[in-house]
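Pulled from Swiss-Prot:
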type     : residues                                                     : note
ACT_SITE : GLU127                                                       : active site, proton donor
BINDING  : CYS13, CYS97, CYS218                                         : [4Fe-4S] cluster binding site
BINDING  : HIS41, HIS75, HIS125, THR168, SER246, SER247, ASN248, SER295 : (2E)-4-hydroxy-3-methylbut-2-enyl diphosphate binding site
BINDING  : HIS41, HIS75, HIS125, SER246, SER247, ASN248, SER295         : dimethylallyl diphosphate binding site
BINDING  : HIS41, HIS75, HIS125, SER246, SER247, ASN248, SER295         : isopentenyl diphosphate binding site
Amino acid sequence: MKVNLDRNSSGFCFGVQSTINVAEEKLRKEKGLYSLGDVVHNEVEVKRLEALGLITIDTPAFNELKNAPVLIRAHGEPPSTYETANRNNLTLTDTTCPVVAKLQRTASQLNELGYQIIIYGKHLHPEVIGINGHCQNRALIIKHADLSDPEETLPIDLSKKTALISQTTMDVSGFYELKKNLEKLFSKGGRETGPWAEVKSIGEAEPMPEFIFKDTICRQISNRNQKLQDFSRANERIIFVAGKKSSNGQVLYAICKEANPESHFIEDVEELQSEWFTTTQGKTVESIGVCGATSTPMWLLEKVANHIEAHYA
């Protein structure tokens, strides 16, 4: 059996890697560093950092914290977090991903211009909560690109000028499917919008079109998709490693599963199953591909690959 480790389209994205680097550097110098929420959506990596002294807290605990250092993770935070930090004399180390920070500014600008903002994303994802905070929590969140959830579509005001943006880790095809379906929805509601206008920069065109979209999906993440498809097809079986909380992990695993139905999702080596490494005829499979999400550390992927070689090859 040959075990192939994907080093090209798996492992931390630059935003997460930067956060981890800063956290490690801080922990080498001082103990008692707090992280507002899981520093990354990977439980194994979180436990490693907690063993170094990182203390993970939720929002209620953060609101009660006083005179302490706190790490803002790559997902970013709403303005209310910074206001609380100022009141409670908290020292923030802000590692918001630059791509996310730019998106937060975009949401704020669109709100100031009076747009109804629709975010393609997951309602409770911390990045989405942060983005929504930067537009006074006025955005409408839509997860289902086919507009199949009435709870998501009923709040849409068809009479308002509207802008569509996206959580950075959502799938590109879903974003453009949602754009197309929104165009149809507004047309059925009596607004002949035609194709919505794509904007690169907010506020530069005067006047701004009434119905616009800005593709805010991170290309470092989305560009991994084709490589991951190719990697999945090139191996007989796929072991996909990611945290259960990882939004990006769910998207990338679905890509692997579509390309190779013999794909299996794990968080750590304890979840590996021996039957994954044999054929129905009882023979050892020829190739195993190990890959993961942008929130999966390379050391964990290496650990899984080495474990497979040691116990199943």
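The backbone N, Cα and C atoms fix where each Cβ goes, and this holds for glycine too.
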All chains considered, the count of other Cβ atoms within 10 Å of the Cβ of HIS41 ((2E)-4-hydroxy-3-methylbut-2-enyl diphosphate binding site) is 26
Cβ-based neighbourhood (8 Å from the centroid) of the [4Fe-4S] cluster site, residues CYS13, CYS97, CYS218 excluded: PHE14, GLY15, VAL16, ALA74, VAL99, VAL100, THR168, THR169, GLN220, ILE221, THR294
Listed recorded positions among CYS13, CYS97, GLU127, CYS218 whose Cα sits within 10 Å of HIS41 ((2E)-4-hydroxy-3-methylbut-2-enyl diphosphate binding site): none
CA-CA within 10 A of CYS97 ([4Fe-4S] cluster binding site), subset of binding-site residues HIS125, SER246, SER247, ASN248, SER295 in residue order, equals none
Assuming the binding residues for dimethylallyl diphosphate are exactly those in the record, HIS41, HIS75, HIS125, SER246, SER247, ASN248, SER295, what is the maximum CA-CA distance in angstrom, rounded? 14
What's the CA to CA span in angstrom from SER247 ((2E)-4-hydroxy-3-methylbut-2-enyl diphosphate binding site) over to GLU127 (active site, proton donor)? 10
Determine, for the dimethylallyl diphosphate site, the additional residues of the same chain whose CB lies within 8 Å of the mean position of the CB atoms of HIS41, HIS75, HIS125, SER246, SER247, ASN248, SER295; present them in sequence order. VAL40, GLU127, THR169, GLY243, LYS245, GLY249, ALA293, THR294
Applying a 10 Å Cβ distance cut-off over all chains shown, what neighbour count does GLU127 (active site, proton donor) have? 26
Which ones are near GLU127 (active site, proton donor): of the binding-site residues CYS13, HIS75, THR168, SER295, which have a Cα within 10 Å? HIS75, THR168
A 10 Å Cβ contact count, applied to the binding-site residues HIS75, HIS125: which residue has the minimum? HIS125
For ASN248 ((2E)-4-hydroxy-3-methylbut-2-enyl diphosphate binding site), the nonlocal same-chain Cβ neighbours (under 8 Å, six or more residues apart) come out as HIS41, THR169, ILE221, ALA242, ALA293, THR294, SER295
Rounded Cα separation (Å) that holds between THR168 ((2E)-4-hydroxy-3-methylbut-2-enyl diphosphate binding site) and CYS218 ([4Fe-4S] cluster binding site): 5
Helix, strand or coil: which one is the residue listed as 'active site, proton donor' in, per DSSP? helix
Tell me whether SER247 ((2E)-4-hydroxy-3-methylbut-2-enyl diphosphate binding site) sits in a helix, a strand or coil according to DSSP. helix
CYS218 ([4Fe-4S] cluster binding site): nearby binding-site residues from HIS75, HIS125, SER246, Cα cut-off 10 Å: none
